[in-house]
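Asks: Mind looking over this structure? Questions follow.
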2 protein chains.
Amino acid sequence: MQRNTRQRSAILETLSRQDDFRSAQQIHEQMKADGETVGLATVYRNLQVLSRSGRLDVLVAGDGESLYRQCEDTGHHHHLVCRECGRTVEFLAPKLESSMDAIAHEHGFTDVDHTLEVFGLCSDHGTREAEAAEEEGEDQAR
Amino acid sequence: MQRNTRQRSAILETLSRQDDFRSAQQIHEQMKADGETVGLATVYRNLQVLSRSGRLDVLVAGDGESLYRQCEDTGHHHHLVCRECGRTVEFLAPKLESSMDAIAHEHGFTDVDHTLEVFGLCSDHGTREAEAAEEEGEDQAR
DNA sequence: ATATGTGCAAATGCTTTGCAACGCC
DNA sequence: GGCGTTGCAAAGCATTTGCACATAT
């Protein structure tokens, strides 16, 4: 089954020192910077395996890129993510869960599942000034 | 500013005859099948422009592919999508909107936005039998 | 031993872009 | 006639995969 390779441990170790969601490539670069020698494909493969086994939390960004981080809460929960820095807060919304189910059932849907992600600017990036200072163009996709 | 080209009208016209969300490529193929001659890049460019101006509804599938369809309701709303056939129902969840904002602000986030999509099996595909009949593996990624 | 995991580079699949030709306004 | 638009093919990106080699167990 699952083996304990230097690379896999290194990936888990790197993730354990990260708070926010990072992309596979960011994680790979981080590791390279830390002196680890791991192939990018290996990072991808492991992130896939680890998230499949529930050890990682996956978040699909607006552009389809997958972001990973170590699970804090293995149950069903949602994320509040800072668009600027990736800072993430997990939260539960029990009322939401039940009303989603209710709406779905009203329309004859069963076996219901949903995805909810909230994006915003955290307290460190919430001023319009800060934003304007860094970006000249403001009309990018997203 | 914005011009009225044969291609642009054709795209809108094609969309107006579609009920469900389709990818840029599907739309392009549909048009080709209908005898329209439009470049794929043009389809992409127009879908982008049209959705940016709020005339189209965009949904990002789990794998990052963008799906489009003509707006029914131009305001903020969510989708209940059948995993099997793509049948889509739009719905509003005002309570949700406010509680999302509340949660976000509690954590110091501003300029908040969110994505919520609900997936399930519509009345035509809701029986477990039907499912079991078609899929042997059940462990795909979500 | 041997099934798993790894590295690399090539392949994929969706989407974007450079650039010359085109055609609305 | 000028500038938004189009087409095509090439480029981009994130991710996946084929395959030979390495390595946990």
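Heads up, the Cβ atoms here are built off N, Cα and C, so glycines get one too.
TrEMBL annotations: computationally assigned, not manually curated.
According to TrEMBL, the Fe cation binding site annotation covers A:His76, A:Glu97, A:His114. Positions annotated as Zn(2+) binding site by TrEMBL: A:Cys82, A:Cys85, A:Cys122.
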Asks: Which residues does A:His114 (Fe cation binding site) neighbour through Cβ under 8 Å, counting only same-chain ones at least six apart?
Replies: A:Met100
Asks: Any idea what DSSP makes of A:His114 (Fe cation binding site), helix, strand or coil?
Replies: strand
Asks: DSSP three-state call for A:His76 (Fe cation binding site): helix, strand or coil?
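Replies: A:His76 (Fe cation binding site) sits in coil per DSSP, no helix or strand.
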Asks: Measure the Cβ-based neighbour count of A:Cys122 (Zn(2+) binding site), defined as the other Cβ atoms within 10 Å of its Cβ.
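Replies: Result for A:Cys122 (Zn(2+) binding site): 21 neighbouring Cβ atoms inside 10 Å.
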Asks: Going by a 10 angstroms cut-off between Cβ atoms, which of the binding-site residues A:Cys82, A:Cys85 has the sparsest surroundings?
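Replies: Ranked by other Cβ atoms within 10 Å, the binding-site residues A:Cys82, A:Cys85 bottom out at A:Cys85.
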Asks: Across all the protein chains here, work out how many other Cβ atoms are within 10 Å of the Cβ of A:Glu97 (Fe cation binding site).
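Replies: By my count, 15.
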